[in-house]
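TrEMBL annotations:
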- B:21-44: transmembrane segment (TRANSMEM)
- B:23-248: domain 'ABC transmembrane type-2' (DOMAIN)
- B:56-77: transmembrane segment (TRANSMEM)
- B:98-124: transmembrane segment (TRANSMEM)
- B:136-160: transmembrane segment (TRANSMEM)
- B:167-187: transmembrane segment (TRANSMEM)
- B:223-241: transmembrane segment (TRANSMEM)
Amino acid sequence: MEPAGAVSGACQWGVWAGADGWDMNSSAIAVSGLRKTYGDKVVLDGIDLEVRAGTVFSLLGPNGAGKTTTVNVLTTLLKADGGTARVAGHDIDTEAKAVRSVIGVTGQFAAVDELLTGQENLQLMVDLLGVNSGEQVIAGLLARFDLVESAQKPVSTYSGGMRRKLDLAMTLVGKPKIIFLDEPTTGLDPRSRRTMWTIIRGLVADGVTIFLTTQYLDEADQLADRIAVLDQGKLVAEGTPDELKRQLPGTHVRLRFSTVEELDAAARIFTDSTRDDEAMDLRVPSDGGTKSLRAVLDRLDEYSISAEEFSVHTPDLDDVFLALTGHNTEVAAK
Amino acid sequence: MSAQNHSIVMLRRNFKHITRNPTSVFNAVLMPVVIMLMFVYMLGDAFNVGVDYVDYATPGLMLLAVCYGLGATATAVNSDMTKGIINRFKVMDVSRGAVLTGHVIASLLTNLIAIAAIIGVGFLLGFSPSASFVDWLGVIGLVVLLGFAAGWLTVALGLFAKSPETAGLAAVPLVMLPFFSSAIVPADKMGAGLKQFAEYQPFTPIIETLRGLLNGTPAAGDVIPALAWCVGIALVGYLWARSTFAKRA
């Protein structure tokens, strides 16, 4: 982990010590004691975080945890009630304009102009930012996001995945150094989600710093160098994906039985399992692969026990929350 | 890039919207003309206002033409707000008010097209103003000022409303207000209560000023309150729009 980080950090030097002079030793994003309240509702309750240049930082949490508020504050859309934050070395309060000139933001809902075509949306960004050789930039982005064919069609005819891609393409027109992605895959079908992940990895390879919010553990796991878990306006955990996953129950098989006798019998043969008498189920650790699943089923057969229900369970956001906070996401979203 | 350039880019965007969705402008131009035909051509002879009815009604209908364009502006602004387009502009290093200025100018230009249509149809129906060149300049100046003021107020309404539907609805009182002014019939012919309302509401002095200018006899007693109302509405609209724009994310 460390050597790789050092190498990419060294590569960054040339890129980052550019025009506005913030170097790799300063963080891309540094937040301290950030607070935000709406009336008497505390949305952000003292957030501290640090994002190194050229890395992907993921803020993981359920709906209502404060993810979007964090993004809105860091991107100068909202004013914080307390704490400080620097983005690319600029104070978000006193140097908002400088912050805006280095960031790109793609929100939860594609902010595209439906009445314009894809091409015109990009042209709008080019015109507003005064980008040189805009034609080439637009052509490049259309090709990169596989939108060439639909470029002349109004965005109102685009699918959700295409809108999200266009939104991100518009964000990239200004060549931002730090990109905020607020739930970039929420509501997308699995295929579009994969495409979005590939695009995000491509951005990272270009040396962009990414601040990503998500409700999906697997998304954070796939993309992030570091993950922070946000719960009711507080960070409850922070670390690499591996560090975080170590705190979680692993993948397991759930067997549900109709009688206590069967549950007892099964618990005796799977000695490393944990039982839940209330749910009448047994959790047997397993990697979820076909071999280990067959082994479980074979053993049940061997002892002539039949389970009423059989399911493979991989840890998700709910497990993270249960493990870290003792309550599940439903409570958090209240 | 300067704020002016940003505003021009935004205005170009508004024009593209109009060409893609011409019904909104069509409504803004056609509805006032339909109302004009209804009141002047169909019912006009039944009104007794002391002068040729088309000469009486045209200034009021010009104002109505301004109001009919506002619903579309409010809806468009709100849709930019609720769909996140405004937030996109706000996190860019782009001058802050440009998107709003674009909407106000597009709204104003729509108003001017609608007013030109009303004056054109008015001439076909026998409208015969006795205004001098300077009076006409005054008419244009006042109409632009009104369109500008109403535009900022409407942009504020659009930013403030929760959804495009409520934004469109919020503009309805502005569309109704001319009917309760001296636009269609003189205020002193209305019932008690309504009469006082019509006399003191902002549109009546504005209409009376237009009427005076078009007759070649503007009266200071109308001009001063008319200008004061326009400046006041513009100021309130502008400040309200600016604070809502800054606060809402």
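From the backbone N, Cα and C atoms, a Cβ is placed for every residue, glycine too.
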Contact set of the transmembrane segment (B:136-160) with the rest of its chain, CB cutoff 8 A exclusive, min separation 6+ beyond the ends, reads 62-63, 66-67, 70, 73-78, 81, 86, 100, 103-105, 107-108, 111-112, 115, 167, 170-171, 174, 206, 209-210, 213-214, 218, 226-227, 229-234, 236-238, 240-241, 244-245, 248
Within the same chain, the residues 6 or more beyond the ends of the transmembrane segment (B:21-44) and with Cβ under 8 Å of it are 53-54, 57-58, 61, 64-65, 68-69, 71-72, 75-76, 110-111, 113-114, 117-118, 121-122, 125, 184
Do any residues, 6 or more residues outside the transmembrane segment (B:223-241), come within under 8 Å Cβ-to-Cβ of it, and if so which ones?
100, 142, 145-146, 148-156, 159-160, 202, 205-206, 208-209, 212
Going along the chain, which residues at least six beyond the ends of the transmembrane segment (B:167-187) come within the CB cut-off of under 8 Å?
39, 47, 49, 57, 59-61, 63-64, 67-68, 70-71, 73-75, 77-79, 150, 153-154, 157-158, 160-161, 194-195, 197-199, 201-204, 207-208
